[in-house]
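As recorded in TrEMBL:
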type: TRANSMEM; residues: 45-62; note: transmembrane segment
type: BINDING; residues: 51, 53, 54, 58, 319, 351, 416, 419, 420; note: Na(+) binding site
type: TRANSMEM; residues: 74-92; note: transmembrane segment
type: TRANSMEM; residues: 113-144; note: transmembrane segment
type: DISULFID; residues: 156-164; note: disulfide bond
type: TRANSMEM; residues: 232-252; note: transmembrane segment
type: TRANSMEM; residues: 261-281; note: transmembrane segment
type: TRANSMEM; residues: 316-333; note: transmembrane segment
type: TRANSMEM; residues: 345-366; note: transmembrane segment
type: TRANSMEM; residues: 404-425; note: transmembrane segment
type: TRANSMEM; residues: 446-473; note: transmembrane segment
type: TRANSMEM; residues: 479-499; note: transmembrane segment
type: TRANSMEM; residues: 520-541; note: transmembrane segment
type: TRANSMEM; residues: 561-583; note: transmembrane segment
type: REGION; residues: 619-639; note: region 'Disordered'
type: COMPBIAS; residues: 619-629; note: compositional bias 'Basic and acidic residues'
């Protein structure tokens, strides 16, 4: 150190320490990995993983699937698919990220040929993150709208039309003309011409609930289709901005700040679900709703239908958030010897039990709604947006103290969505950190906030009057086949090409050696069962593909083409990166291909003290490009 510039050695040391801490505020003094940082506590990681896995689908999709696929009988294929597909993939990704302490792109040093798989995961996460925060914005809007003495969708108001009614409405009837003829006319036409309907000739159709018209006409200001974009709905845009401000504030220190926020956002939904269940159980008709959900209405003959098993596998796959890159990203901040096996078991079981528990809270109140409206539960149950923003708000509006229960419910949806959003943004920032560690170390806050700003701007199209069509379009194309393709290639690459037995040895370096019988089940799933199930789901999804629609409105050709372009943009990086890696390798074309199927020279445990004999010659993982492709002989390049 230059003494002329620093007359006091002690002061200089203090200045150095302050500067270092300001640049590394996301790294704690006790962190094992001083380059990337670690979770402050094991509970920070577990709650973040639970929050990431437990999302809106647990509340608005699983209960409907259970009801629709045989009630309690559906839990049998659901549990089987958890064991055969969900848990094996979940454990694999947690182990992969923890072993290398790298995010979803850089971790593919394990198999350079497949690095495009990691890019696909991150790109799909970006697309989904754009519209997922829009759903959080919807929840914020409804929560704010509930701060009134009476919920605005309780009755048909100024925004409603003649179809707004909780009871069936007359659409057509027979009338007698001035010539004495009996003709069938539209009811509104008969009213205009002061003609009375002949008794018994009325034709009825279900009216539109006030909550349905409020959702379409007020909250969304929904246009007639994707072709009619309309203007930006200003209050949804403000709610979207608020949602991104919350995400940015929670993540400005990376896992050090988000790991503390999840103590509230991951636990609070359980408190609300318990409160809603207790309240719902006290309502008349609740037992009927629960009976439809999982009780006496269970239909075990449904288990003979392939559709039921496909729904169970699909729900498990998407509910656990595997192949999105988030599990790898969050696990990469674990300490090397963390027991990732027990973590995977705990998080997966928590996720599935949450889904079952949420169903009781949902169906108890829907049962009450069916009771007071004189309908069957099957006539009021909904899924997805229709459940969260139409059916359940309608039910809450009928309860005493409706605004309180509505605030509670939408605040729960808000926290459920935020947890998943935190992990998705962390996936993006972790990828940036791995690719540009020095830049990220100095500029984590502006980069994180910059990501949030860009994603907010991209999401503005989703809060126009045609916004809901964009949300469904992205969900229909990006949150489906791309993830399945990434998951299939992930398990084939790691287990079949890198080597399942070698990967098991890597895991044992972290959690200790296990008896051969312990790995028997995992080998059977990883090598055969899980990839075959994923391939079957992918083929089924492609065969059953249908043109996207929302509210029975088909999407225009250009909208469908745009959807295909989005998913192609996400997956095309798999072959592009494979070609790039082969070009960068040495030797003839066959040697290059073979070498790209070997681990890169800088693949292995991030810290030297964890490498042992197996990785003693490993290149420093902080060094990129020149060491990413093995030599022709397959040996590691010297530093």
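The backbone N, Cα and C atoms fix where each Cβ goes, and this holds for glycine too.
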Top partner of the transmembrane segment (520-541) among 45-62, 74-92, 232-252, 261-281, 345-366 - counted as Cβ pairs under 8 Å: 74-92
Residue 156 (disulfide bond) and residue 420 (Na(+) binding site), Cα-Cα, nearest whole angstrom: 35
Highest-contact recorded stretch vs the transmembrane segment (232-252), from 74-92, 113-144, 261-281, 446-473, 479-499, CB pairs under 8 Å: 446-473
Residues satisfying Cβ distance under 8 Å from residue 416 (Na(+) binding site), sequence separation of at least 6: 54, 55, 56, 58, 59, 269
In the chain carrying residue 319 (Na(+) binding site), residues 6 or more apart in sequence that have Cβ under 8 angstroms from it: 53, 55, 57, 58, 62, 86, 351, 352, 355
51, 53, 54, 58, 319, 351, 416, 419, 420 excluded, remaining Cβ within 8 Å of their centroid (Na(+)): 50, 52, 55, 57, 321, 354
Separation of alpha carbons, residue 51 (Na(+) binding site) and residue 164 (disulfide bond) (Å): 38
Cα-to-Cα gap, residue 51 (Na(+) binding site) vs residue 156 (disulfide bond), nearest whole Å: 37
Proximity verdict for the transmembrane segment (479-499) and the transmembrane segment (316-333), three or more C-beta pairs under 8 Å: yes
Cβ neighbour count (within 10 Å, all chains shown) around residue 54 (Na(+) binding site): 27
